[in-house]
Amino acid sequence: MNSTDIIANVTKPFVENLTLGETAFYISCGIVGTVFNALVLWIALTYINTEDKPRQIIVINMTVADLLMCIVYMKTRPWLSHFNLWLCHPYYVIIWTCQMCSCLNLVWLNVDKLIYIQFPLHYYQIVNRKRLLWITAATWGGLYAMNIALVTFLKITRGSCLGVSLNPYVYLLSPIFYVVMILTSFSLSALIYCIAHNLTHMEERQRSKLFRRLFFLFSSTLWTFFTCLPYRLLYLFSIFCGETCQINNYYKTATNLFFRLLIVGIMINPVITIWTQRIYRLRLMRMFGRLRENSSTEVLMVSNRRASERPPEHTPLRCDM
């Protein structure tokens, strides 16, 4: 990200002396992102039964990662140069881990849907809450350990957390990870779309429900692809082209522009979750009094409902995520 631009062993933000507009951009994105991510997280933890809907654990992980980014990075970026030096290493560990975790969980979400499409009768035998909790622990723990290892090579060179040095060959793993995860998610989504589109045994009504069920996945994957991948690719290429890219004003402007888009993308992620997933949307409408008392009771009271006692073979497809 902006705070981790490590090229030719030197990390330097795009703009060290932020203007009023840039400060307002970071703070406003941080506040809006915090509010919406906290709202999604509250709804998920309060009203969703993860025994019945284990895939929501993945959504919760993505939301937590984005929430931490909004709080730890966006709201503090204008004052990063004033941080105590002992905060620099934990700061980079947190923001790197959160970004990687968000990308990796998008891959898990695609894998989950691929299993659902390929093995619908055995989905709940393959995917369950316990397994996803183990995957969650392994994902966060593995990425945290990897970034702890990365920051051991980090050196503060300019007296603030804005000026740090890291061997580009060591840090190369990070941008490659982002690009590979995003392309993997996009490829899996394309595969899922092709499989769903070519299902011949489904009636039109069933097919429509299936695609509504997949809408959140496709929206999240495409949004990440267009808001995150351009910056990651430009950054990865800049490591190899070195001084040529650093002195090219057009390249720097494009990189700066796509970085801003990445920040906006993180802020909008929870909005996409609310917009595309029925349970979040209905609960939010209920909170603002726009839903009648007797509407969609089953969806709004998910937490009070037992997990289905029917075997997975007889569990129908649902389109409420």
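Cβ atoms here come from the backbone N, Cα and C positions, even for glycine.
Remember, predicted model here, so these are calculated numbers, not experimental data.
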Same-side flag (membrane), P90 vs N249, source Swiss-Prot: yes
Per Swiss-Prot, the disulfide partner of C161, chosen from C88, C228, C241: C88
Annotated residue, N-linked glycosylation site, per Swiss-Prot; candidates N17, N294: N17
For C161 (disulfide bond): DSSP state (helix, strand, coil): coil
Cβ contacts under 8 Å made by the transmembrane segment (91-111) with residues that lie 6+ beyond its boundaries: 1, 3-4, 55, 58-59, 61-62, 65-66, 68-69, 72-73, 80, 83, 135, 139-140, 143-144, 146-148, 150-151, 154, 161, 164, 174, 177-178, 181-182, 184-185, 188-189, 192, 217, 220-221, 224, 228, 266, 269
Length of the line joining the Cα atoms of C161 (disulfide bond) and N17 (N-linked glycosylation site), in Å: 14
Listed disulfide-bonded residues (C88, C161), ranked by Cβ neighbours within 10 Å, top entry: C161
Most Cβ pairs under 8 Å with the transmembrane segment (176-196), selected from 25-45, 56-76, 133-153, 222-242, 255-275: 222-242
